[in-house]
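The feature domain 'MrpA C-terminal/MbhD' is assigned by TrEMBL to A:2-68. Feature annotation from TrEMBL assigns domain 'MrpA C-terminal/MbhE' to A:107-160. Annotation comment: TrEMBL describes A:185-306 as domain 'Na+/H+ antiporter MnhB subunit-related protein'. Residues or ranges marked as transmembrane segment by TrEMBL: A:17-38, A:44-66, A:78-96, A:143-163, A:184-204, A:216-237, A:249-268, A:288-313.
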């Protein structure tokens with residue numbers, strides 16, 4: 001915990017944005033291990049792959065697109081410091097009334113959590129309660145969140161789409177072609193690892209009912225495999241494997257899959273996203289529903305992450321080719 | 001007393017560091033990093049609320065009766081992924097700002113805006129004061 005504070009202070013102090021981004025990666029990893037200590041394995045999984053992996057990568061690409069260090073034009077931190085101290089003091093005063101950490105009788109543990117913990121086995125039949133709540137009790141919320149992710153992907157595409165992508169067939173230079181040829185060991189080793197990363201993503205996807213994991217984590221891990229490939233073999237060859245238009249379509253397909261599971265249950269005489277009616281037995285109906293919507297989540301998250309990365313990297317190549325002219 | 005509230009205090013400190021970065025730094029990427037720290041502090045707050053002493057992760061097993069509260073886990077799990085999606089959107093905006101103003105420092109962007117306002121140009125909608 002104190003480590004987190006140290007890293008955060010360093011982040012605030014440093015001017016070199018590269019170091020700042022690296023530190024945020026470490027920060028993500030440390031907070032992921034903290035989540036493990038707090039028994040939140042699903043969350044730790046997500047934070048490790050997102051906070052330490054994807055977000056660091058995205059920020060690095062953006063820094064290479066913009067600038068590496070911060071220019072302090074103005075420096076009057078005292079006003080800001082005063083505001084921060086005041087707010088922090090008030091918040092700490094507020095915590096004095098809060099229940100202690102780990103207390104079993106805190107209000108948060110009394111109201112609805114016991115119902116989830118006691119009844120989800122009979123009602124949903126899934127060992128991992130987090131998955132049960134995510135995909136069954138709160139499936140409607142999860143649907144909304146998936147749509148938010150999809151919208152963000154569309155937004156990034158709209159902002160950064162390289163113009164005239166279809167007609168322009170000139171071979172783009174790989175991000176750093178010379179480096180690709182030098183890093184022979186890295187390329188071979190990661191090429192060997194790629195199938196295992198993808199296999200692991202699939203395992204996380206379909207094992208989410210029994211252990212930590214699920215669609216969100218699997219999607220991010222799968223996207224990480226593709227991004228690793230892009231980093232080592234260049235954007236041009238990665239685009240040959242996964243077309244950008246296709247990945248956008250696939251993202252939409254994931255949302256559609258989620259929504260149509262809801263519609264099918266509606267047509268079968270239940271409520272929207274009420275899986276009990278999907279099969280003759282409510283439990284197997286629940287299993288079927290969770291399987292499909294987690295698949296939808298995984299597909300959308302993976303392809304949105306890939307789309308976002310491709311857009312950033314494509315922008316970089318565009319910048320490079322215009323500066324060379 | 002000290003140990004019971006220690007986590008909440010760490011959360012407050014982290015939150016305030018994030019807020020400070022957002023207020024005091026002009027660099028847009030640094031601001032996004034500050035927002036990320038602020039966001040993570042909220043995650044830590046929720047997750048430490050869900051913890052129950054002597055409980056384990058909420059994956060049902062025989063011989064275990066105490067579990068952490070699954071609901072905050074679900075909320076934060078999706079919040080992390082939504083967070084990276086919105087962060088990516090912010091970063092994309094930063095790139096466009098860099099291309100438009102050739103700078104990602106707040107001051108220099110505002111200066112350029114002021115200059116444009118003082119030299120009215122009917123083609124530029126930003127020069128219109130109303």
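Cβ atoms here come from the backbone N, Cα and C positions, even for glycine.
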For this session: Test the contact criterion for the transmembrane segment (A:44-66) and the transmembrane segment (A:249-268): 3 or more CB pairs under 8 Å, pairs 6 or more apart in sequence, then answer yes or no.
Result: no
Seminar exercise, completed: Whole-number mean pLDDT, the domain 'MrpA C-terminal/MbhE' (A:107-160), equals 81
Exercise. In the same chain, who gets a Cβ under 8 Å from the transmembrane segment (A:288-313) while lying at least 6 residues past its ends?
Worked result: 54, 57-58, 61-62, 65, 124, 126, 131-132, 135-136, 139, 142-143, 146, 149-150, 152-153, 156-157, 159-162, 175, 201, 205-206, 208-209, 214-216, 218-220, 222-224, 226-227, 230, 235, 238-239, 242, 244, 247-248, 250-251, 253-258, 261, 265, 273, 275, 278-279
Exercise. Which numbers of helix, strand and coil residues does DSSP report for the domain 'MrpA C-terminal/MbhE' (A:107-160)?
Worked result: 46 helix, 1 strand, 7 coil
